[in-house]
Amino acid sequence: MKELSVDHLLGIKYINENDINLIFETADHFKEVINRPIKKVPSLRDITIANIFFENSTRTKLSFELAQKRLSADVISFSAAQSSVKKGETLIDTVNNILSMKVDMVVMRHSNPGAAYFLSKNVKASIVNAGDGAHEHPTQALLDSYSIREKLGDVAGKKVVIVGDILHSRVALSNIYALQMQGAEVKVCGPKTLIPRYIESLGVTVEPNLRKALEWCDVANMLRVQNERMDVNFFPSTREYAQQYGVDKPLLDSLNKEIVIMHPGPINRGVEITSEVADSDHSVILNQVENGVAIRMAVIYLLASKIQ
């Protein structure tokens, strides 16, 4: 059986293209499984997984839990509000207490960049990064690339523009790593205040004009503005942002070409994209959600195989 080159999924920059291909091949199998009348397989009946979320999450947490249960793993979940970390306990002590209950794998979301990496060096369990601050969100990038592959046949050679709040987005960074690793060309588009200064050092081109970016691309991945990570105003108003960087149907129609619209969610309808665009044939947003379960099943299964 083929194996991943890593014992943890901490970020896209820690894996290679062979790992991505193996995850996609495994996800192809699980995509077929989750579309059967009986959507469960007994693959991980002897594995216990803890989902530890120190930041709020709806889609990602539900997707991980469903993926784990589809694999027949035992699952425990808790949020920071219920955690002893609130009482002063360290992250390592919290996780080691959980591991002492014979937990095999930890899926963690944390506000601090590098938290998952830090944990992997200090505890004896397989760690999956479900998002660490504005650093990485590897399973989101994997499901995004998988969705492009599903829609367009391949990721290699495709032109992808990531639009919006690049500065505060863990999705953007993981996507850049994953897309480039698979041979795609990447540009970013957004207000200058929301583009990191280092971005061009990653081999990414900045295109400040949305129309030009859309005329160039095959795929547009629309990111929301992450107001919860901002302590100052990065643009004059939401209305002005939507006028400059929002995608609506008249804009898409005027391009005279087919492009794929993606969004990691949650969508701010009328800001990044209008409802007409979100619900159109251009959009693969709900496909991304479905593919997220298959991708997370694949990641968990492959990492658990190394434990066993």
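Glycine too: its Cβ is placed from the backbone N, Cα and C atoms.
Within 10 Å of the Cβ of PRO266 (carbamoyl phosphate binding site) there are 9 other Cβ atoms, across all protein chains. PRO266 (carbamoyl phosphate binding site) falls within neither a helix nor a strand when secondary structure is assigned with DSSP, and so counts as coil. Taken from Swiss-Prot, the feature carbamoyl phosphate binding site applies to ARG59, THR60, ARG109, HIS137, GLN140, GLY265, PRO266, supported by sequence analysis.
The L-aspartate binding site annotation in Swiss-Prot covers LYS87, ARG170, ARG224 and rests on sequence analysis. Close to ARG170 (L-aspartate binding site) in the fold, though at least 6 residues off in sequence, lie GLY131, ASP132, GLY133, ALA134, HIS135, GLU136, HIS137, GLN140, each with a CB less than 8 Å from its CB.
One residue stands out among the binding-site residues ARG109, ARG224 for having the most other Cβ atoms within 10 Å of its Cβ: ARG109. Among the record's carbamoyl phosphate binders, ARG59, THR60, ARG109, HIS137, GLN140, GLY265, PRO266, no two C-alpha atoms are more than 16 Å apart, and one pair sits at exactly that spread. For HIS137 (carbamoyl phosphate binding site), the number of other Cβ atoms no farther than 10 Å from its own Cβ, over all displayed protein chains, is 27. In three-state terms derived from DSSP, ARG109 (carbamoyl phosphate binding site) belongs to an extended strand segment. Looking only at other Cβ atoms within 10 Å, the busiest spot among the binding-site residues ARG59, THR60, GLN140, GLY265 turns out to be GLN140. If you take the Cα of ARG109 (carbamoyl phosphate binding site) and the Cα of ARG224 (L-aspartate binding site), they are about 19 angstrom apart, rounded to a whole number. Summary of the carbamoyl phosphate site environment: with the site residues ARG59, THR60, ARG109, HIS137, GLN140, GLY265, PRO266 set aside, the chain residues having Cβ atoms within 8 Å of the Cβ mean position are SER57, THR58, SER63, ALA130, GLY131, VAL171, PRO264.
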